[in-house]
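Colleague: Copying in the features that TrEMBL gives for the protein in this structure:
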- 62-247: domain 'Mucolipin extracytosolic' (DOMAIN)
- 261-288: transmembrane segment (TRANSMEM)
- 318-335: transmembrane segment (TRANSMEM)
- 347-369: transmembrane segment (TRANSMEM)
- 348-485: domain 'Polycystin cation channel PKD1/PKD2' (DOMAIN)
- 389-411: transmembrane segment (TRANSMEM)
- 457-478: transmembrane segment (TRANSMEM)
Amino acid sequence: MAQLDSEVKEERLREDLRFYFMNPCEKYRARHQIPWKLGLQILKILMVTTQLVRFGLSNQLVVAFKEDNTVAFKHLFLKNYSGTDEDDYSCSIYTQEDAYESIFFAINQYHLLKNISLATLDYGANEDNRIGLKVCKQHYKRGSVLSSNETLNVDRDIEIDCVLLDLPTLADSSQAWKQSAFFKLEFYRLLQVEISFHLKGIDLQKIHSRELPDCYVFQNTVVFDNKAHSGKIKVYFDSEATIEECKALNISGPAQRNIPYVLVFDTFVILICLASLVLCTRSIVLALRLRKRFLDFFLEKYQRHACAADRWEFVNGWYVLVIISDLMTIVGSVLKMEIKAKNLTNYNLCSILLGTSTLFVWVGVIRYLGYFQAYNVLILTMRASLPKVLRFSACAGMIYLGYTFCGWIVLGPYHDKFENLNIVAECLFSLVNGDDMFATFAQIQQKSTLVWLFSRLYLYSFISLFIYMILSLFIALITDSYDTIKKYQQNGFPETDLQGFLKDNNSKEQPTNEALACLSCTCCLRRRGSDDPLILIN
């Protein structure tokens, strides 16, 4: 009786394991179990993608409005702005007269804003809840410059002086504020002049989309940077836009007609993701219980532990990916609903959550393609080559970092693409992919023959090493894994303890129930278990 119970227990375990590793269509044929997770994932793909597209179109309006206002502000407040930024700053000043004129120009433009601007702008209060324009200057403590004997006497301690110019002060026809001692600049010890002010604006273009318009507060800063004391003052303009709730907003017409429908749609997306989250979590819990049953039985019968590969077969990485995607979609949808209701304004965080979750949802589709042998090659190749690729990349990364540091310190003063470590890393990655090679060679400044010769040796050695050797070896690793998988598919995969256990009594009863007529046209339904070699897919 004990032996009979053991055989029944073993057969039940084998049957449960076979059912666990079936695809949804095979599960339906075996037990007529409706593939709820498959149908839910297909519905979720459609819902999440639709939600993302709608939010992306709305987000484009926000980004375009901010960028257009920043360009408009530069033309309004920067004297002689050409419309194109110079490197990482907006424009440059080379004389004291131009410096004074540029500072006074920005201040006057602020005063005349409502008369000259085409936008719906108004003055906003600063951090002190005062409406006006704040001007601050940084300079070294007073000293003296003696050019006759080339002696510089400057206290390097920095002083900061600020003045607030409110609208009544700027409206004074005598403009007495220009004659104040504050604007008597001593350029030999001046570090920078910063002009900051707040403006309010409203984005009316959303009315055309039947949405409530957004109200913005623009925190603008104009910086005249003289820290280098090189005879060139760099002018920077920065505008930080924040969305605030519009007060006393009165818009007639169908402006809010589609907002309730959007909120209902987002709620439905959240419910779909919650259902998917519950089903996938339940599947993981059941898989862990099944693994425990198998490990205990294997240890009891064969007096040894199953291999690590068999233990990991029960951990379904696709379910983990779906759970992460569902959580991100739920949080992103809640943020999107709050944004639509004008309670939150964090578009960036919402975009990251919804965009990443949609990426994971579409990547998860590969799982269902993997049930077919022809499409499963990509998944198996990636899984087989990943450990070798990671080890190879770690070694190649050391060489890459060495070239990055070397290029930055040597070529940085002579080449725009080597100014900082981030730009150097991006430039070298572009070279590895064959992008912009000639321009990188040609842009090196020939101010130093030694550096020019070094740049040629540096670039030729890097391109030759990474493109002809490292990149070729990288591709060879993946190709080798692909060839191995193809051979396994033709000759059979190496048998693990779990696969050997499943093959026992394999000639016994197999599920032969046919599916419903409405599903008989699908290719996965017509597939039989004997068509392909036994491959465990998670």
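From the backbone N, Cα and C atoms, a Cβ is placed for every residue, glycine too.
Surface or core, plus neighbours and distances: that's what I need for these features.
Modeller: Counting same-chain residues at least six beyond the ends of the transmembrane segment (261-288), those with a Cβ under 8 angstroms from any Cβ of the stretch are 20, 36-37, 40-41, 43-44, 47-48, 50-51, 54, 314-316, 319-320, 322-323, 326-327, 329-330, 333-334, 336-337, 340-341.
In the domain 'Polycystin cation channel PKD1/PKD2' (348-485), helix, strand and coil residues by DSSP number 122 helix, 0 strand, 16 coil.
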Colleague: Going along the chain, which residues at least six beyond the ends of the transmembrane segment (347-369) come within the CB cut-off of under 8 Å?
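Modeller: Same-chain residues near the transmembrane segment (347-369) but 6 or more away: 23-24, 38, 41, 44-45, 48-49, 51-52, 55-56, 59, 62, 243, 318, 321-322, 324-326, 328-329, 331-333, 335-336, 339, 375-376, 378-379, 537.
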Colleague: If you average per-residue pLDDT over the domain 'Mucolipin extracytosolic' (62-247), what number do you get?
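Modeller: Reported value for the domain 'Mucolipin extracytosolic' (62-247) is a mean pLDDT of 85.
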Colleague: Against which stretches of its own chain does the transmembrane segment (318-335) lie, if we need a Cβ under 8 Å and a gap of at least six residues from its ends?
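Modeller: Distal contacts: 41, 48, 51, 266, 269-270, 273-274, 276-277, 280-281, 283-284, 344, 346, 349-350, 353-354, 356-358, 360-361, 363-364, 367, 538.
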